[in-house]
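If you look up TrEMBL, you'll see 12-30, 42-65, 77-96, 206-224, 236-262, 274-298, 310-331, 351-369 marked as transmembrane segment.
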Amino acid sequence: MDPFVNLKIVSIFTVLATSIIGVMLPVLRWRKEGPKTAEEPSFWFFLLRAYAAGVMLALAFVHIISDAFSVMDGLTGNFPIASVLVMVGVMLMMLVERASLDFGSRCFGSSGDAARVCCHSDVHQHSHGCLRHAHQSNDCHHEDAEEIFVIESHALPPHVPHAVADEELGTSVPPSLEALKAADLPQVSGDAQGDLADVVDAKPRVMLGMLEFGIVVHSVIIGMDLGVRTQKPSAIVGLMIALCFHQFFEGLGLGSCIAYVMHEHGSAMQWPKIMLMVMLFSITFPLGVALGMISIAAQSFHAQDLFHPWLQGTLDALSGGILVHLAFIHFISEDFSRTDINSPKHLRLRWSMLLSVILGATCMSLLALQA
């Protein structure tokens, strides 16, 4: 009998509610207008994301990975299998994201003088929105530009500006989509314009699907890790807290992407389909927990068998690696590499974010004292 079944059920409904709230906030907020009109994220928004990153890091290193080393100790002699599986968890996220991006790029890649689609964030967009989500490539470095077409310079007439200066940051960004639309481009044929329209129409929906795929993979694995735990309630509580943070911010990003597609392609994105995507995102973690609980309830599962330490240790190590990747890449690196965050006027915000990371890690580390 699972001694923590009640705690796991509480975690299922807590994370489920947090996921639904996170994904529905931008969908309901921008149901009548696109997210491009949103204001700049607030000071406290970035502090909360930084705090969440610290929570996830401490959860990974203090609770999850340490348990993996303890459970798998001696299973393979002197070979550090737990360390290898942590590394596999990090690489798994890299592979999933790279595969998602490459698959998406095949849907709207081009050659020669044709337009290439590149993702750019508007500083007034939600920082975790569709146009710059954690699951997107870091190849796009201009965070103060709207989504644009990067067109070969020689394909533009002389009166079309190739870049727009950013006075505050001393950099330049490509011209806006509106500027390109207003320009006279007589050399572009009707067929070519139709192809570009297809590219614009397909890109957000493909990226939305790839984003959902990446979330499903790691949410199920982490959910299974919580489901198979039969000791250390502090680790279960820690996972629940960290996953509430994670699912909330992932939900904001996914919801922003849904709102963008819904606004740009209103007739193609009906509410039943939106609700289906919301539910798919929301139930991935509870589904993982349920699968983990079923596995330990199976009659073939006995504490004295090797199946238990292998299953628990593998899920711990993979989850730890995934959490480390999410914290560093999707939270810390993404926020601290923003051009607006690194401007001289935001020195106080940068150091406040660093302190928030440390505070989050400290609080989650202290939770281990209750183990």
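Note that Cβ sites are derived from N, Cα and C of the backbone, with glycine treated the same way.
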Intrachain residues whose Cβ lies under 8 Å of the transmembrane segment (77-96), provided they are six or more past its termini: 65, 68-69, 71, 213-214, 217-218, 313-314, 316-322, 324-326, 329
Cβ contacts the transmembrane segment (274-298)/the transmembrane segment (351-369), at least three under 8 Å, sequence gap 6 or more: no
Recorded stretch, among 12-30, 42-65, 236-262, 351-369, maximising Cβ pairs under 8 Å relative to the transmembrane segment (310-331): 42-65
Chain residues outside the transmembrane segment (351-369) and at least six past its termini with a C-beta under 8 angstroms from it: 43, 46-59, 62-63, 234, 237-238, 241-242, 332, 335-336, 341
Positions whose Cβ lies under 8 angstroms from the transmembrane segment (12-30), at least six residues beyond its ends: 38, 126, 129, 240, 243-244, 247-252, 254-256, 258-260, 262-263, 274, 278, 281-283, 285-286, 289-290
